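*Asks:* Just lifted these from Swiss-Prot, have a look:
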BINDING   47, 470, 566, 594  ATP binding site
BINDING   377, 407  Mg(2+) binding site
ACT_SITE  437  active site, phosphohistidine intermediate
């Protein structure tokens, strides 16, 4: 039997759509607070936008270039993948708008209404009329489309209205476009009689209601909202360039104007002539057109949530207060504490504050000589950037690798790079054709007359905002072997020369893949000898074929394998004779599962590694990543307990079957929602937990009312 046959794999693109389907499942999950369900509609839409701009855009490029080679797992050609994507996406979008109707109906029952113009009362009608005249009309620009004024280049993801016009005397018909201004809020908060209620109208509905005023002497026969998504998969041709920053700045300007790859139209406003015109101008096929049964672009759910939803605290998640890691005292200098022991941080259950505090203390400590750090994505008002600038201004040697090719953060990172350079930091951009995705900080300090190095390693970005929403692992250490590796790592990044030999770390694209394959091979050998082989791996996505085939070999040898893969999973479990010893689950909940953790039983030695890398082809072969060990037994036990809770999840976990489909995990006698229970466990408030050896055996009883045991942050409420 060939274990690398196409029938034993899932296609990457379809697997991603299945992940987004699980996100959509959070909209329909009535256990979630209502406004959170509405927000998940925005997450689904935002995810799909990026998928089309990057993945579908890349496949379209391959088709246009005449590239017809099948991908290396299911052996589907680019054209076959595009057809499969369109079929699955149309199915999901239909489900999304059914969910939108259900959620908005439920919001209406809570006193939150989305109104059409013909549903407004007299007071609201007058308000909207004035609002349009004073705030909307001045910024609108009607654009005629005819022989002298060709179809304009509309930017990607902009919302527009196509209009069919007829002269009042009936002498001629014309076409025109009106862009819905992105500078105005997408929804208008309306006056209401009852202060306990909220009513809004969407901006495009306001414009359509008064669109006649833009075309004097014409009747508007039809007004059809539409939205174009353009290819944003722009390759940066780095070879031969002398200034990567300027190259990327130049290429970014093209992103808004890439080839059209998707057209969204509003189903209840379709005009055949307008639709045909758009299809021809954009050179799209029927499968690229999505008629939606509701407002186009539900990403406005984010703004609605932050501006209106938060006023209804019974409709949103209660804020969980993160805790300081045990034994880490805020009153003491971090350097002194890290010298005494390693500290493991598990965000967002542990606060991200110690990481910020470390950089701030280093920036202002006269004994700190140098700070070196990699940055991939940071927050909009980053305290990390501020501290690094302060350090440079204080005369310290500051070296920062800013990854300019971080997708959709390129412009922000260019600005950060300029600011850091202006402050006196040495800014580098990494290696040609490789993204630096590693998360590492090295601080060099004069400690009692000798050089002492401090290191932070993590699975997630140095982003204080996403650290509240993403689960990640971080390690603070002063261990000499890791410190030496960190020094060599930064010297390799900033200088020339081959990658050094490592003491404790492993990196891609050089040694990490080989390390993982070796660890799996060792587990096979131990199982054949002792019968106790086991692998537990948690990650965002799994696409690397060499690792998948090696896991199949381990499964056939009898090794017990549990994979927690939130997103794409090209491995297919539970296939007799191939992967029957592999279980794959995915947890989608309030926090985005982002940590990468790898456990190998190793005949009782319990090897645990964390990494910035997933088991993906791009991470193993096209990015600079770091794999680091967890050595402390107490920290290893904590990670094993968290993995056990995640494997035992029967509320938010879905399990993949042998056909590649996902289903909710079967409920047992008691519910286990892993994120809630991990918070309790981290806070020291969980009375019992599942065993790591047998997490599915329900012989433990957690607290009965978990949510009451967590410390919540009080919020003001409208209701």
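Every residue, even glycine, has its Cβ placed from backbone N, Cα and C.
Fair warning: this is a prediction, and the values are worked out from it, not measured in the lab.
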*Asks:* What is the maximum Cα to Cα distance, in Å and rounded to a whole number, among the residues 47, 470, 566, 594 annotated as binding ATP?
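*Replies:* Greatest Cα-Cα span of the listed binding residues: 16 Å.
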*Asks:* Determine which residues of this chain, when 47, 470, 566, 594 are set aside, have a Cβ within 8 Å of the centroid of the ATP site's Cβ atoms, and list them as they appear in the sequence.
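*Replies:* Going along the sequence, the neighbours come out as 540, 567, 592, 593.
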*Asks:* C-alpha of residue 407 (Mg(2+) binding site) to C-alpha of residue 47 (ATP binding site): distance in Å?
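*Replies:* Roughly 13 Å, rounded to the nearest whole number.
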*Asks:* Ranked by the number of other Cβ atoms within 10 Å of their own Cβ, which of the recorded positions 377, 407, 437, 566, 594 ranks first?
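*Replies:* Sorting the candidates by Cβ neighbours within 10 Å, the top entry is 437.
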*Asks:* If H, G and I count as helix, E and B as strand, and all else as coil, what does DSSP give for residue 470 (ATP binding site)?
*Replies:* strand
*Asks:* Rounded to an integer, what is the Cα-Cα distance in Å between residue 566 (ATP binding site) and residue 437 (active site, phosphohistidine intermediate)?
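*Replies:* Rounded to a whole number, the Cα-Cα distance is 19 Å.
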*Asks:* Of the binding-site residues 377, 470, 594, which one sits closest to the residue listed as 'active site, phosphohistidine intermediate' when you measure Cα to Cα?
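*Replies:* Nearest listed residue in space: 377.
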*Asks:* Which whole-number value in Å describes the distance between the Cα atoms of residue 470 (ATP binding site) and residue 377 (Mg(2+) binding site)?
*Replies:* 13
*Asks:* Using the alpha carbons only, what distance in Å do you get between residue 47 (ATP binding site) and residue 377 (Mg(2+) binding site) once rounded?
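*Replies:* Pair distance, Cα basis, whole Å: 17 Å.
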